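Sharing the feature lines straight out of Swiss-Prot:
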- 16-22, 44-45, 71-72, 175, 202-207: NADP(+) binding site (BINDING)
- 158, 159, 171, 200, 258: substrate binding site (BINDING)
């Protein structure tokens, strides 16, 4: 079990926080933060954010929990999230932690040849590629390098970043692009610790879409089989592993680490 406050005094920005892996991360992250730390929750869904923030504030009164309802699929949403973070005081924080968890699977009912509408592809890439790049870049400028502040960036990745899957053209390309973006960040900014973490197959809303709507019948059967045979990864176990990796701080910056590694 992780020691209380093991991650130190942290200013954390967590996207995609209102459900699934992000919500689980928020609950498991708070006890690892020292009192006085700040957690900014970002998601599209205002009511879910309010509820989560209330739960965390009640359970972990030492952590300042803030939230911002923002659609990261738009430039305005990215700007709103950056403004909300900029209003926070880094103060005595020892660490800036940016967790890029927000993402979508796209229309997996289509095969490659069905993507003939550039706007559909552009909108997908805006939310899944452009927004984490621009959000992270803006936050790193908002909280620049200083001797007493460690800056850490996490990209929630996937096996799909490394391996092609039929009918997942958008998802695979988006995840691959995100991995490379953050690998470049690791090369350019040597003081920033960067982790691409693939949490494994989780029983979330996204996986429901994948196993029911994927166009390729073989892949759809494979995903359904994993669910029926209980081969999904426990979401809390995966979130804990990610936080353990951050706590140990022994990974090579920019590396892609899978839950099964």
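Cβ atoms are placed via backbone N, Cα and C, with glycine included.
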For residue 22 (NADP(+) binding site), list the number of other Cβ atoms lying within 10 Å of its Cβ atom.
23
Could you tell me the C-alpha distance between residue 71 (NADP(+) binding site) and residue 171 (substrate binding site) in angstrom, no decimals?
19
So of all those binding-site residues, 19, 202, 205, which one's Cα sits nearest to residue 258 (substrate binding site)?
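Among 19, 202, 205, 202.
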Where does residue 19 (NADP(+) binding site) sit by DSSP, helix, strand or coil?
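In the DSSP reduction, residue 19 (NADP(+) binding site) maps to coil.
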Quick check: of the binding-site residues listed here (16, 19, 22, 202, 205), which one has the Cα closest to that of residue 159 (substrate binding site)?
202
Have a look at the binding-site residues 16, 22, 202 and say which one has the shortest Cα distance to residue 158 (substrate binding site).
202
Across all protein chains in the structure, which of the binding-site residues 159, 202 has the highest Cβ count within 10 Å?
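The residue with the most neighbouring Cβ atoms within 10 Å is 202.
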Counting only residues 6+ away in sequence within the same chain, which have a CB under 8 Å from the CB of residue 205 (NADP(+) binding site)?
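Correct list: 19, 20.
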Please find which two of 158, 159, 171, 200, 258 have the most distant C-alpha atoms, given that the record lists them as binding substrate, and give only that distance in angstrom, rounded to a whole number.
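That value is 17 Å for the farthest Cα pair.
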Between residue 22 (NADP(+) binding site) and residue 171 (substrate binding site), what is the CA-CA distance rounded to a whole number of Å?
18
Ranked by the number of other Cβ atoms within 10 Å of their own Cβ, which of the binding-site residues 158, 171, 258 ranks first?
158
Could you find out if DSSP has residue 71 (NADP(+) binding site) as helix, strand or coil?
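For residue 71 (NADP(+) binding site) - judged by DSSP and reduced to three states - the answer is coil.
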